[in-house]
Ligand SMILES: Nc1ncnc2c1ncn2[C@@H]1O[C@H](COP(=O)(O)OP(=O)(O)OP(=O)(O)O)[C@@H](O)[C@H]1O
Ligand SMILES: [Mg+2]
């Protein structure tokens, strides 16, 4: 099941450059929440705070609070946290030294699961959820790099799902893909929300409108507006949101 | 707001971090320890002879006379000779490989030049004894004496084994170093520079001269210094062809001795402590010189090619 | 300056560079040619199975020297490769930009330029004198000291080629940093790291100077790692500088074996493990 996230007064820095300026946001469970906003407004930084990846970079700083399912993420071991909060990156990044199968089970296997049958079960289940199983079931031992870009991205999604997170962060997961592969991913996201809380960063307004239940608009490190997707796109409260979605921005 | 935040981390993480840190630091420790170890072992000789150690030209272990000047002389002359020959040729090779050769040709010739560095020193020495020295004695040295004999450098009996042989063999051995470093720094010159020069109608040579060499200059200097460092410390090949006689003679044909060679030859025969200590002091001097030389050479090369942060590749 | 002169000069300079390259390669073929010619005629089965014979007698071999070289290179690799790789991991994975890493990197570069005979002296005073005898251990140790900076350099270059996104993918899966490094980053760079290690092995296999007063040499089989031990390079040196014709031939044969070893390692490292797919 997905879990709720609540973000309180979140601030983040790169060096002395303050990138997030106090974000407050509630993310509903089993919802797809889209995050939109102009380039450089802090979308990636925001999602990277949620699985505490932001802090892994030298010179960065975070302040504020993020509560996942009633517990502060800062009270947890970040490594354990990341098993609950999966992430899919903008560019597909399968592990080059591993086969398709090894890629999918990397997370569970490197965390100690040895049982072959279990692993195979997990691999198949995850690949099916990522709608990739039929395409790769006969070549699980091929290198992950042998797949097309869209397949690689679904492999990365399967890899993230295999760890059984409750929240899935997706940072422009389809921006490097062609329209058909993008449709695949969008279809997938719609199905995954049954089981996951999904946050998806996108530059594509139509995409947000198609798949997201709610949408958040970021600008210059601030959350300008967050509401039901239909509201945001048809009847935004804030003038800046309207300017952005109608393309009159900047 | 400043609640304590859990920052991880598992035992495994801590262990690996500490272990790798230890190994990284061990490199620094190793270098310092080497210096200390040598200094410690050389102390009796340093205390006994002081500065006269490097100005005294008599090396006579039987009489407990230890002057390192002949070795310093032999080392410097052979190394400078090697540099004189290898620097222009090495630079030429680098220019050819980097700026002129087609990529396939470049790979093959580049590999061959690197093989020059891969041949073990002792094999060069063997070749020096049985091929180079006889050739020098019978052909080259008589010829040089005949045409250039008015210069003291080329006077005297052709022996074959001597500073000329040492310098030649060193030249071969340091050439790949000079060529490789020069290539590295020339490759770091942005292509824009070359294109700009060509666009102005420069010929290839003019492009190399105005757009490549000036930018690579300090790096090439660094490469030459590294080559010099290698020549100063090179042991086996020189030991095998230099003649091993602690004399200071002007002729390049004359047998001589080098610092590394005397250590190689006499170290296990040093029958008493002061003798051993004197040999270690020669090693210490060599260590000091190559350390300083490498230090500045690396600074020069880093300033052009690598950068102190080890490059920007993420 | 007219154009004709400029073109002429251009052509002349380019010829000079080609000439320099040809001159540079003459000694390579000179050395290889003689080693192959003289070495082949002296190489036979006896060379690989026999011990050295007394001075001047025919039919001796270098079996013990070949074994000694293999053993000492093995000791050096067992020490030098892990230490070098771990240090390189620190430099790329934990601390790329601090003064400490810069200092370590710099020391590494400087160490590669220290004459190998110096390493021999240091190991002699620190190990041989303390233990009271020359040994394969001391020899292996001195080769390890030469190897470490080479391994650090090459491994660091290879790890830097591994994209940062691979590491982030590992972290994002809830894999610890240590496991991400050991199970994901290292395997990704494995080919390059192996190449570097093989080149370092090739380099120390031919080293003579650091063995002269650490392993010394031995006319017989060594019965333990704590005895003077023969090695191919030292044996070649001793035979080459001896007055006996039979020994000279053995020196050529030994050189041929050594060069074949070194060149094979170089070729295999470069072509079998060459990796472009990071
Ligand atoms: N590694 C970094 N170091 C320093 N500053 C950074 C770094 N990454 C991002 N920033 C800065 O932080 C701000 C927010 O960046 P972020 O990547 O979160 O934007 P974004 O909304 O994801 O943009 P895009 O749509 O282009 O992906 C930007 O001003 C950027 O310059
Ligand atoms: Mg982004």
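Using N, Cα and C of the backbone, Cβ positions are placed for all residues, glycine too.
Taken from TrEMBL as is:
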| type | residues | note |
| --- | --- | --- |
| DOMAIN | B:72-297 | domain 'ABC transmembrane type-1' |
| TRANSMEM | B:16-36 | transmembrane segment |
| TRANSMEM | B:71-97 | transmembrane segment |
| TRANSMEM | B:109-136 | transmembrane segment |
| TRANSMEM | B:156-181 | transmembrane segment |
| TRANSMEM | B:248-268 | transmembrane segment |
| TRANSMEM | B:274-296 | transmembrane segment |
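Looking at which of B:71-97, B:109-136, B:156-181, B:248-268, B:274-296 has the most CB pairs under 8 Å to the transmembrane segment (B:16-36), the answer is the stretch B:274-296. The list of residues near the transmembrane segment (B:248-268) in space but at least 6 beyond its ends in sequence, with Cβ under 8 angstroms from a Cβ of it, reads 57, 59, 61, 68-75, 77-78, 81, 141, 145, 152-159, 161-164, 166-167, 232-236, 238-239, 242, 275-276, 279, 282-283, 285-286. Within the same chain, residues 74, 77-83, 85-87, 89-91, 93-94, 97, 113-114, 116-117, 121, 124-125, 128, 132-138, 140-142, 145, 219-220, 222-224, 226-228, 230-231, 234, 237-238, 241-243, 249, 251-256, 258, 301 sit at least 6 positions outside the transmembrane segment (B:156-181) and bring their C-beta atoms closer than 8 Å to a C-beta of that stretch.
Here the transmembrane segment (B:274-296) has long-range neighbours at 34-35, 38-39, 41-46, 48-49, 53-54, 61, 64, 66, 68, 71-72, 75, 222, 225-226, 228-229, 232-233, 259-260, 262-263, 266-267, meaning same-chain residues at least 6 beyond its ends whose C-beta is under 8 angstroms from one of its own.
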